[in-house]
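Engineer: Take this structure first; my questions come after.
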Amino acid sequence: MARTKQTARKSTGGKAPRKQLASKAARKSAPVTGGVKKPHRYKPGTVALREIRRFQKSTELLIRKLPFQRLVREIAQDFKSDLRFQSSAIGALQEAVEAYLVSLFEDTNLCAIHAKRVTIQKKDIQLARRLRGERS
């Protein structure tokens, strides 16, 4: 048999369409309702871990200044009315309070991990304070 030269042919785009199953056809023929896209959601815990990393890197104060100032003034009212505070004094109080809370939460987290949990509970805070000698 003699060899013949083959000429290039235009392709028609792959495989021939197959018949769809009844369930697929029913799904495709159903009307699309508005095309509203669901908002993206991260897996549980992903955002929490991202926030932990972000706050551990940062050095700024985490409690808002004005609400903290109102709280300090409200507590000070119980001891003496008409007390005045320098802004630097309230700033120093806020630094001390935040440092205390961060270290308390670190100890609380260790107590929860010791109990084979990842969620901190009230009893973890109580145990951490008791071990520190703050509360009997």
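A Cβ is built for glycine as well, from the same backbone N, Cα and C atoms used for every other residue.
Pulled these from Swiss-Prot:
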- LYS5: N6-methyllysine (MOD_RES)
- LYS5: N6,N6-dimethyllysine (MOD_RES)
- LYS5: N6,N6,N6-trimethyllysine (MOD_RES)
- LYS19: N6-methyllysine (MOD_RES)
- LYS24: N6-acetyllysine (MOD_RES)
- LYS24: N6-methyllysine (MOD_RES)
- LYS28: N6-methyllysine (MOD_RES)
- LYS28: N6-acetyllysine (MOD_RES)
- LYS37: N6-acetyllysine (MOD_RES)
- LYS37: N6-methyllysine (MOD_RES)
- LYS37: N6,N6-dimethyllysine (MOD_RES)
- LYS65: N6-acetyllysine (MOD_RES)
- 1-41: region 'Disordered' (REGION)
Engineer: Roughly how many Å separate the Cα of LYS65 (N6-acetyllysine) from that of LYS37 (N6-acetyllysine), to the nearest whole number?
Structural biologist: 39
Engineer: Same chain only, sequence gap of 6 or more: which residues have a CB within under 8 Å of the CB of LYS5 (N6-methyllysine)?
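Structural biologist: In sequence order there is nothing to list, since no residue at least 6 apart has its Cβ under 8 Å from LYS5 (N6-methyllysine).
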Engineer: Near LYS37 (N6-acetyllysine), how many other Cβ atoms are within 10 Å of its Cβ?
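Structural biologist: There are 6 of them.
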Engineer: Would you mind checking how many other C-beta atoms are within 10 angstroms of the C-beta on LYS65 (N6-acetyllysine)?
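Structural biologist: LYS65 (N6-acetyllysine): 12 neighbouring Cβ atoms within 10 Å.
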Engineer: Where does LYS37 (N6-acetyllysine) sit in DSSP terms: helix, strand, or coil?
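Structural biologist: Once the DSSP labels are grouped into three classes, LYS37 (N6-acetyllysine) ends up as coil.
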Engineer: With H, G and I counted as helix, E and B as strand and the rest as coil, say where DSSP puts LYS5 (N6-methyllysine).
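Structural biologist: The three-state answer is coil.
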